[in-house]
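Chemist: Handing you a structure now.
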Amino acid sequence: MGVWLNKDDYIRDLKRIILCFLIVYMAILVGTDQDFYSLLGVSKTASSREIRQAFKKLALKLHPDKNPNNPNAHGDFLKINRAYEVLKDEDLRKKYDKYGEKGLEDNQGGQYESWNYYRYDFGIYDDDPEIITLERREFDAAVNSGELWFVNFYSPGCSHCHDLAPTWRDFAKEVDGLLRIGAVNCGDDRMLCRMKGVNSYPSLFIFRSGMAPVKYHGDRSKESLVSFAMQHVRSTVTELWTGNFVNSIQTAFAAGIGWLITFCSKGGDCLTSQTRLRLSGMLDGLVNVGWMDCATQDNLCKSLDITTSTTAYFPPGATLNNKEKNSILFLNSLDAKEIYLEVIHNLPDFELLSANTLEDRLAHHRWLLFFHFGKNENSNDPELKKLKTLLKNDHIQVGRFDCSSAPDICSNLYVFQPSLAVFKGQGTKEYEIHHGKKILYDILAFAKESVNSHVTTLGPQNFPANDKEPWLVDFFAPWCPPCRALLPELRRASNLLYGQLKFGTLDCTVHEGLCNMYNIQAYPTTVVFNQSNIHEYEGHHSAEQILEFIEDLMNPSVVSLTPTTFNELVTQRKHNEVWMVDFYSPWCHPCQVLMPEWKRMARTLTGLINVGSIDCQQYHSFCAQENVQRYPEIRFFPPKSNKAYHYHSYNGWNRDAYSLRIWGLGFLPQVSTDLTPQTFSEKVLQGKNHWVIDFYAPWCGPCQNFAPEFELLARMIKGKVKAGKVDCQAYAQTCQKAGIRAYPTVKFYFYERAKRNFQEEQINTRDAKAIAALISEKLETLRNQGKRNKDEL
């Protein structure tokens, strides 16, 4: 017999069932939401190269093409592919680190390549230690470091790129130490390749700071590549003889530079001319390279006790004719790389600064200083000995300090492990610690950027909590790749905003208490302190966008609305006023992503559309009254009419500044004139006004996107130049006569009063501000011509 439940019991039991279901469902979700780093088997500190290598290994193992009998293969591969797509992208990685997968709702991915792609096309040079795969954020710093770079721009799907790969690897091994060999994957870094003018693959370019890039056009053999590279290597080999020997040696020794000399005699082997040239390039600025023909310089060779062919390194101050009692290094190898490594290993270490003189030395010069504890770990990398030479022209001295000799000094600088830092000539007050790669080109780029920027390392003693001047503080962790990528941009921004804002960085792995005090929950978190006001930066990691953010703080482009001001400014707006309003909530991630784009859009619409935002967390009742049901809700309030209160809601997929701007401008009344063949002839070709014309076709997508921009241009030049539009679908003959071959085409028709006729110029940009600037420049030229003609009369 069944048991009847009363209504209250039924509702109570139903709630329990639903609660149990939700608990089980959430447990399943948590169980399946695997950490992206764990999926790929990498740490949170993994570099882009390590992430690519880990993904490739898994892709070859788990790809559905290799597991046709596994029904879960597709789903399993999608998970690791998703993890890779997110972690390889700097912006997505930052979102994931900060918000988890919820922060990636607008970036769902879901596509992957065939197994053959991952086996043969993916990460072509990731396993080659002599070849450095460069990414956009590090490219400029690398090629401007002062070293010579030869870079291969390739595409994974390009057959010629794969044909070149074995030769490029052999070439890289051949010239290792002579110059840097790089590679750029244009499939991953399309923007970088476009910026560098790369439009075919493979494209090979030589880069050196201070000179224009040089493209290689020869055949792709190793010998031809070596020959081309050697043309750009700075190498001078001196033939030594009785007439120049003493002066050459003494001059070099006085400058602290030694000599590598190969003596060529009848017996034994001396270095070939090609090997000597390569060594000269590899040791440029560190050691002079020379050779001596003992057949013609017999007495000189005998005085040096040289009786057979040999090669020797003479350090500064060596006694040349007494090889038993000094540090002359005789070399048995004939291989350039082996000789290079042995010579550079024997070069003296950097100057060791003492605790007593440290403050004074740092106060009078700019220094790159290595901190070590007892043994100098940097001596294991002989390449770093090039730093002194490569930083000489930047007036940066290079030294080291042993923290075990004065622990208090390092503790006060918050140096607790081997590190390097730049000191900017003001003692220990102004310095910046390096958090990048411990390799030559990265250290060079850091040193040059840091001494010329205004970023300082912060600690409790100099944290600007109550400073009267505004500060931008970057809270970061050294293990976080997006944090490291942001640091060079902060240095650039500090130069752009010098005198307006101070810049500092705070390492949250060292100063955990300070970071907790300011509730720092993700890295990097960038905050502007302006006395009692604190503003968190949410934009992209670029100097330009940081500059925009600061400018917006000083001169806000978006009106922060309250229910009262919304009623006064928006609801009761003047007849000819229009508004765009963002209804948002601070906890909403898409709202946070939108905010910098919203501000950027507002700056471009100044004087045309009023832009505001209202916090629906603070004014929840008001937003409910306005029927705001989701965040962010973007509304356009058109000019007031006799109609009831109305607005347009934005339903577009893209919430970037450009898309929102185009959408808003589309509601404004047309200012330009629609022209027919008759009016085009009468007003433009036979009239006496300047005209800018948009030739378009209604079916053309780019034309539709450009239409609001052209209306913005029409408003900007109103009163100076008239703006018109010609429909080339309706009036094909008119457009044909005007020489129109693509849509949209913009032409400027300017009336020359002196000649009483029209001239025309095609404009090759679709940016309203740029077009307006070009037109203003042309009008100024016409005015100056008119003045000169009057003066001549």
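Each residue's number is its place along the chain shown, starting with 1.
Positions of Cβ are set from backbone N, Cα and C atoms, glycine also.
Annotation comment: Swiss-Prot describes 35-100 as domain 'J', evidence class sequence analysis. Marked as domain 'Thioredoxin 1' by Swiss-Prot: 130-232. The disulfide bond annotation in Swiss-Prot covers C158-C161, C480-C483, C588-C591, C700-C703. Marked as N-linked glycosylation site by Swiss-Prot on the basis of sequence analysis: N530. Positions annotated as domain 'Thioredoxin 3' by Swiss-Prot: 557-662. Annotation comment: Swiss-Prot describes 790-793 as motif 'Prevents secretion from ER', evidence class sequence analysis.
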Chemist: Restricting the comparison to the disulfide-bonded residues C158, C483, C700, C703, which residue's C-alpha is spatially nearest the C-alpha of C591 (disulfide bond)?
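Modeler: For C591 (disulfide bond), the closest Cα among C158, C483, C700, C703 is found at C483.
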Chemist: Rank aside, I only need the closest one: which of the recorded positions C158, C161, N530 has its C-alpha nearest to that of C703 (disulfide bond)?
Modeler: C158
Chemist: Determine, using Cα-Cα distances only, which of these recorded positions is closest to C700 (disulfide bond): C161, C480, C483, N530.
Modeler: C161
Chemist: Under a three-state reduction of DSSP output, how is C161 (disulfide bond) classified: helix, strand, or coil?
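Modeler: The three-state answer is helix.
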Chemist: Report, in whole Å, the straight Cα-to-Cα distance of C588 (disulfide bond) from C158 (disulfide bond).
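Modeler: About 43 Å separates the two Cα atoms.
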Chemist: To what whole number does the mean pLDDT across the domain 'J' (35-100) round?
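Modeler: Summing pLDDT over the domain 'J' (35-100) and dividing by its length gives 78.
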Chemist: Under the DSSP assignment, what numbers of helix, strand and coil residues are found in the domain 'Thioredoxin 1' (130-232)?
Modeler: 40 helix, 24 strand, 39 coil
Chemist: According to DSSP, which kind of secondary structure is C700 (disulfide bond) found in, if we only use helix, strand and coil?
Modeler: coil
Chemist: C483, C588: which of these disulfide-bonded residues has the highest Cβ count within 10 Å of its own Cβ?
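Modeler: The residue with the densest Cβ neighbourhood is C483.
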Chemist: Rounded to a whole angstrom, what is the C-alpha distance between C480 (disulfide bond) and C588 (disulfide bond)?
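Modeler: Distance (Cα to Cα, whole Å): 24 Å.
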Chemist: Sorry to bug you, but what's the C-alpha spacing from C483 (disulfide bond) to C588 (disulfide bond), rounded to the closest Å?
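Modeler: It is 23 Å, counting Cα to Cα.
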Chemist: Residue counts in helix (H, G, I), strand (E, B) and coil for the domain 'Thioredoxin 3' (557-662), per DSSP?
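Modeler: Counting residues by DSSP class gives 37 helix, 22 strand, 47 coil.
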Chemist: According to DSSP, which kind of secondary structure is C483 (disulfide bond) found in, if we only use helix, strand and coil?
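Modeler: DSSP assigns C483 (disulfide bond) to helix.
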